[in-house]
Structure formats: structure tokens, C-alpha cells
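> Features from TrEMBL:
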DOMAIN    144-241  domain 'CAAX prenyl protease 2/Lysostaphin resistance protein A-like'
TRANSMEM  16-39  transmembrane segment
TRANSMEM  66-87  transmembrane segment
TRANSMEM  107-129  transmembrane segment
TRANSMEM  141-159  transmembrane segment
TRANSMEM  180-196  transmembrane segment
TRANSMEM  208-224  transmembrane segment
TRANSMEM  236-255  transmembrane segment
TRANSMEM  267-285  transmembrane segment
Amino acid sequence: MYIENVLKVKNDWWRYVIGCVVIFIATQIGSIPFIIAIFSKVGLEGSSQIDQSAMMTVLGDSNLTLFYFLIPFLFGFFGLFFIIKFLHNQSFLSLTTSRKKIDFSKIVTSFLLACSIVLLFTSIEYLISPEDYLFNFKLKPFLVLAMISILLIPVQTSMEEYLFRGYLMQGIGAITRNKFVPLLLTSILFGLLHYWNPEVIKLGNLSLIYYVLTGLFLGIITLMDKGMELAIGFHAGNNVFISLLVTADWTVFQTNSILKNVGEPDLTTMFVPFFIIYPLLILYFSKKYNWTDWKENLSGRIN
């Protein structure tokens with residue numbers, strides 16, 4: 001069982017407090033290049049007036065901004081790797097899966113599914129409201145974007161998965177000895193992580209529910225599949241393909257993508273994934289991988 005892996009390592013509650021502090025410090029160190037770049041562009045006084053949305057455009061080069069934006073996740077990943085090895089005496093494998101080795105076929109399957117879903121729904125929206133989209137493609141900037149997205153966005157998404165569906169899921173499970181509590185808490189924390197996203201600023205706090213429900217979906221497939229592979233692949237596929245396919249002035253990824261959405265966003269389309277896509281994906285995965293004993297896997301005791 002995946003979450004029970006934590007019982008085989010050093011799992012005192014204070015270790016997770018220290019671990020979270022180390023990860024936070026690591027990400028802040030990784031933010032220094034971005035901060036320096038902003039200071040050099042607008043000066044100390046001007047930088048104090050920049051909000052989260054303005055940070056993504058102030059440098060005037062979306063590829064450079066995206067690169068700086070993703071670097072903290074790389075540092076955070078190193079911080080996470082350090083603490084699981086030296087603070088918890090845990091292997092990277094046991095944080096990832098209950099299997100004897102990481103199942104890369106599941107990562108690829110989930111990645112391709114996410115890409116297909118993004119392509120399908122963007123195509124539908126384009127056909128329904130073509131006036132909401134502008135052709136934004138420029139070859140050279142797009143090739144640079146593709147390199148950054150393919151190399152670094154999976155680091156960002158995997159860092160989030162290892163932190164929430166891995167480190168915190170197992171850590172909270174060790175403290176509560178229950179599976180439902182870490183499933184719920186990590187979903188809420190995942191949602192709160194996105195509080196400063198431009199999408200939330202544009203659409204309001206109600207849009208945080210989308211991120212909480214997405215965290216819940218990723219948590220469910222992690223617990224039911226007894227490993228993070230499906231969640232890692234899906235999260236990476238979604239973010240990588242969105243960054244390449246479509247951008248907007250109100251999204252966290254403002255990129256040299258193929259299309260630019262100039263329409264007004266609405267909450268209704270944000271909740272389509274939870275009520276339609278996520279249930280269908282859970283059903284598909286459950287049939288494909290023969291998931292059983294849902295109650296035990298999602299809310300059982302950890303012994």
C-alpha cells in the first residue's frame with residue numbers, strides 16, 4: 001500500500017515541520033534570480049508596486065519570465081530530495097509508489113490523456129467562439145518556449161505532486177493514521193497554494209474550489225493506484241500542453257503559445273473538468289487498472 005510506506009521511515013511530526021521549512025527556504029532561494037531581474041528592470045521602488053499578475057509581464061519577454069518563474073520549483077525539488085534522504089531516511093522510490101519500480105508507462109498514459117483533453121476542449125471552445133482567440137504563433141519564440149516547457153514545467157508539476165500527493169500525503173497519514181484526512185487536507189492545501197494565481201485574482205476566490213477539486217482528483221488516483229505515477233503524468237501533460245497551445249493575459253502561464261484567448265473567462269468552464277472529465281478519467285483508470293476496495297483505499301486506517 002502506497003501511503004503505508006511512511007511507516008517504514010522516520011516519520012516524527014517535527015521532521016515534517018522542519019522538512020516544509022527547508023523546502024520553503026529552497027524555493028525562496030530559487031526565486032532570487034527572478035527578484036534580481038525585476039529589480040534591474042524597474043528598480044527597488046517600482047518593484048514594491050508590482051503584484052503577482054504584473055510580475056509575469058514586467059520583464060517584457062514571456063519566455064525569460066517563464067524560465068525565472070520555474071526555477072524555484074527546481075530548487076524546491078532539490079530541497080525535497082535532501083530532506084527525504086537525510087531527515088527521513090526514505091528512498092525516492094517509496095515516496096513515489098508502492099511498486100518495486102516506478103511505472104513509467106502509467107506516467108506516459110496519463111500525460112497523453114491530459115494533452116488530448118486540453119486539445120479537445122480548446123478545439124471545442126475555438127469552434128464555438130472563434131472570436132475569443134487570436135493566432136499567436138511565432139516560430140522562434142515558440143521553439144524557445146517548447147524547450148523551456150518540456151524541460152522545466154514537468155519539474156514544476158512533479159515538485160507539486162511530490163510535495164502534496166507524496167510528502168504531505170504520507171506525512172499527514174503518519175500523524176493521523178487515516179487515509180481520508182491526508183486526502184482532504186492535501187487537496188485544500190493544494191488549492192490554497194494557487195491563491196495568488198492571476199486566474200484567482202481575475203475570477204475571485206470561488207475559483208479556488210477548482211484547484212481544491214483538482215487536488216482531490218489527483219489524490220484519489222494516487223491512493224487508488226497506490227502510487228503517484230498517474231498524478232505526475234496528468235499534471236505535467238496538462239500544464240505543458242496548455243503552455244504550448246493557449247495563453248491569456250489573466251493566466252499564470254503567459255507564453256508565446258499557438259493561440260491567445262482574448263475572451264472573458266467564466267467560472268462555469270473551470271468546473272467542467274470536475275463534473276465531467278475527472279469522473280470519466282477515474283472510471284477509465286479504475287477499469288484499466290482494476291481498482292477495487294475503494295473505501296479502504298480512500299478512508300481506511302493506516303496500520
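The backbone N, Cα and C atoms fix where each Cβ goes, glycine too.
Remember, predicted model here, so these are calculated numbers, not experimental data.
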> Over the domain 'CAAX prenyl protease 2/Lysostaphin resistance protein A-like' (144-241), what does the predicted model average in pLDDT?
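PLDDT averaged over the stretch: 94.
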> Counting only pairs 6 or more apart in sequence, are there at least 3 Cβ pairs under 8 Å between the transmembrane segment (107-129) and the transmembrane segment (180-196)?
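When sequence-distant Cβ pairs are counted, the transmembrane segment (180-196) does not touch the transmembrane segment (107-129), since fewer than 3 lie under 8 Å.
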> Looking at the stretches 66-87, 141-159, 208-224, 267-285, which one shares the most CB pairs under 8 Å with the transmembrane segment (180-196)?
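Against the transmembrane segment (180-196), the leading stretch is 208-224.
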> Residues sitting near the transmembrane segment (208-224): Cβ under 8 Å, six or more positions beyond its termini, same chain?
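2-3, 161, 164-165, 169, 179, 182-184, 186-195, 200, 230-231, 234-235, 267, 270-271, 273-274, 278, 281-282, 285-286, 291, 294, 297-298.
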> Taking helix as H, G and I and strand as E and B in DSSP, count the residues of the domain 'CAAX prenyl protease 2/Lysostaphin resistance protein A-like' (144-241) in helix, strand and coil.
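The composition, in the requested order, is 87 helix, 2 strand, 9 coil.
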> If we skip the immediate neighbours and take only residues 6+ beyond the ends of the transmembrane segment (66-87), which ones have a Cβ under 8 Å from one of its Cβ atoms?
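Same-chain residues near the transmembrane segment (66-87) but 6 or more away: 10, 15, 18-19, 22-23, 25-31, 33-34, 37, 56, 59, 95, 145, 148-149, 152-153, 155-156, 158-160, 162-163, 167, 243, 253, 255.
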> In the same chain, who gets a Cβ under 8 Å from the transmembrane segment (236-255) while lying at least 6 residues past its ends?
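Tertiary neighbours of the transmembrane segment (236-255) are 53, 56-57, 62-63, 65-66, 107, 110-115, 117-119, 122, 133, 136, 142, 145-146, 149-150, 153-154, 156-158, 197-199, 201-202, 261-262, 265.
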